[in-house]
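Asks: TrEMBL lists these features:
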- 8-41: repeat 'WD' (REPEAT)
- 50-91: repeat 'WD' (REPEAT)
- 100-134: repeat 'WD' (REPEAT)
- 146-167: repeat 'WD' (REPEAT)
- 235-276: repeat 'WD' (REPEAT)
- 277-311: repeat 'WD' (REPEAT)
- 333-397: domain 'SAM' (DOMAIN)
- 402-474: domain 'U-box' (DOMAIN)
Amino acid sequence: MATLIHTLSDHSDDVNYCAFSSSYLATCSLDKTIRVYSLSNFAELPYSPLEGHTYAVHCCCFSPSGLVLASCSTDGTSALWDTRDGRRLAVLQQPGASPVRVCRFSPQATYLVAGAADGSVVLWNVQSMKLYRSGKVKGGSLMACAFSPNGNFFVTGSSSGDLTIWDDKMRCLYNEKAHDLGVTCCDISSHPVSDSENGFKYFQMASCGQDNHIKLWLILFADFLGVQLKYKCTLNGHSAPVLACAFSCDGQMIVSGSVDKCVIIYETSTGNTLHTLSQHTRYVTTCAFAPRSPLLATGSMDKTVHIWQLDLKQPCAGQCTVENESKVAVEDWSEDDVSAWLYAQDLADFVGLFKMNNIDGKELLNLTKESLANELKIESLGLRSKVLQKIEELRMTMISVSVPDEFLCPITRELMKDPVIATDGYSYEREAMENWISNRRSSPMTNLPLHSLMLTPNRTLKMAISRWLETQQK
């Protein structure tokens, strides 16, 4: 189920885009403003709306830390804002002053990419606030952009229908005609998927366009293979151009918004439709999943943003939190991070209580049945037990936060159980390497020919992995 829990109606014109951080929701509009809301109660922040653009604001996005918000506009600029007080930190002028349609931060917030109506693509150095690299697509406006989770490459989509893959040095690596009538949006899942043919992990990308379709793609980026883009399937369901698409945080769902006024949520693995939402009265222009709570935001030309709560039995609500928690240590969580976690665990009734008692990540991990009863005054034994159970589950997920890289198989990127040494000198999971050499006689790491297909058990590494696992279970 997807339940409409709140509607934001503060914009005076079409809503063009919405974006989540772990604590905030940002929206932007043809009315030239960006508005920022707290996820704890959907109240607009005191410094909102952000004003400064002289024409329509087309896109906004948060830096990975959530401390900086970027926006871009028809006025030919991208702006950076401090989310703590709303100060404008910088105004970045697009070369040629062409209207800027899309902007995205790289995963490490090193760069901000900005794409414009004249086809120009600019990488801005966020620290120096200066232009780092620039490029241009052939024909059409830049309408879409998405970074890979590792930051090694990003993809742009144009009104001419092309998807273009660039590396972080702004070199064009690959180009594909994807949507005949133009690309409107694209997104890359933060969760890689396995390809049974060769054992590689691929990044999964979704693109949508004026042809009414959503297409799924698999992208492989490897030094020894270059870039490969494989078409996977097409998701149908919309009867008009699709203007927006986005993956859920765990990659198991895709949401799309369309000129047909509908929002559709698909299951990624099967392509099946999970929900069709028809509450908007005009074109749906934007949609986004929250990173740490089971929330979905959809924006429309009807000037509203709808906030939906997803059924907590859906995979995203339970699994995405674990993955994102691994990126920020729980003990470093802010009070807002704890609030987002409570929402995700179906403990929303405790958000106000935890806020009142200033419970951050460190305090959360130290909660006991005594402190819940005596300090937080939770009288119900059942509720105290539920909270403690969720905290214990959270502690358990912290065990797998940082697996040493040398314990991961280079092919599957998973913890090795039966490591073997190949003649290239590298260690691999036996099954993965056996599958690899059954199809080819080259090294997965160097792409050079293997002089022998012999695989030697790496008992030293296996013992090291076993000892590491024991320390994690203590």
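Each residue's number is its place along the chain shown, starting with 1.
Cβ atoms are placed via backbone N, Cα and C, with glycine included.
The shown structure was predicted, so the numbers you read here are calculated from the model rather than taken from an experiment.
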Asks: Please work out the helix, strand and coil residue numbers for the domain 'SAM' (333-397) from the DSSP assignment.
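Replies: In the domain 'SAM' (333-397), the DSSP-based counts are 47 helix, 0 strand, 18 coil.
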Asks: For the repeat 'WD' (100-134), give me same-chain residues lying six or more residues beyond its boundaries with a C-beta closer than 8 angstroms to one of its C-beta atoms, as numbers and ranges.
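Replies: Here the qualifying positions are 58-65, 68, 70-74, 76-78, 80, 89-90, 92, 94, 140-151, 154, 156, 158, 166, 168-170.
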Asks: Looking at 50-91, 235-276, 277-311, which one has the highest count of Cβ pairs under 8 angstroms to the repeat 'WD' (8-41)?
Replies: 50-91
Asks: Looking only at the domain 'U-box' (402-474), how are its residues distributed among DSSP helix, strand and coil?
Replies: 27 helix, 12 strand, 34 coil
Asks: Taking all residues of the repeat 'WD' (235-276) together, what is their mean pLDDT?
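Replies: That stretch averages a pLDDT of 93.
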Asks: What are the helix, strand and coil residue counts for the repeat 'WD' (50-91) according to DSSP?
Replies: 0 helix, 23 strand, 19 coil
Asks: Do any residues of this chain, six or more beyond the ends of the repeat 'WD' (235-276), have a C-beta under 8 angstroms from a C-beta of it, and if so which?
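Replies: Same-chain residues near the repeat 'WD' (235-276) but 6 or more away: 1-2, 181, 184-191, 193, 204, 206-216, 282-292, 296, 298-300, 314-316, 319-320, 323-324.
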Asks: What does DSSP give as the helix, strand and coil breakdown of the repeat 'WD' (146-167)?
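Replies: Across the repeat 'WD' (146-167), DSSP assigns the residues as follows: 0 helix, 14 strand, 8 coil.
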